[in-house]
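Record features, source Swiss-Prot:
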type	residues	note
DISULFID	37-85	disulfide bond
DISULFID	60-81	disulfide bond
DOMAIN	37-85	domain 'BPTI/Kunitz inhibitor'
SIGNAL	1-27	signal peptide
């Protein structure tokens, strides 16, 4: 009975590895670059008006940032946005 449990555990871990390993290697998770750049523009919660740039899936687009909150798809310049999000 002990060997059956060990074999079951090894089989389970092997299947888990085979299922999750490709996801870990995919571009969607490569150093967070794609995930951040896929976020929508988010103005944030305040009423200030700062010109910022976000990546819209194709290029960087200007938007008005309220000054607080929002998400990480927010860059001070178009150049910074493209450097972070444009595909090589």
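From the backbone N, Cα and C atoms, a Cβ is placed for every residue, glycine too.
Structural mapping of features recorded in Swiss-Prot.
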residue : record         : CB count, 10 Å
37      : disulfide bond : 20
60      : disulfide bond : 23
81      : disulfide bond : 23
85      : disulfide bond : 22
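Between the CA atoms of residue 85 (disulfide bond) and residue 60 (disulfide bond) there is a gap of 8 Å. Helix first, then strand, then coil: DSSP counts for the domain 'BPTI/Kunitz inhibitor' (37-85) stand at 9 helix, 13 strand, 27 coil. In this structure, the CA atom of residue 81 (disulfide bond) is 9 Å away from the CA atom of residue 37 (disulfide bond). The CA atom of residue 60 (disulfide bond) is located 10 Å away from the CA atom of residue 37 (disulfide bond).
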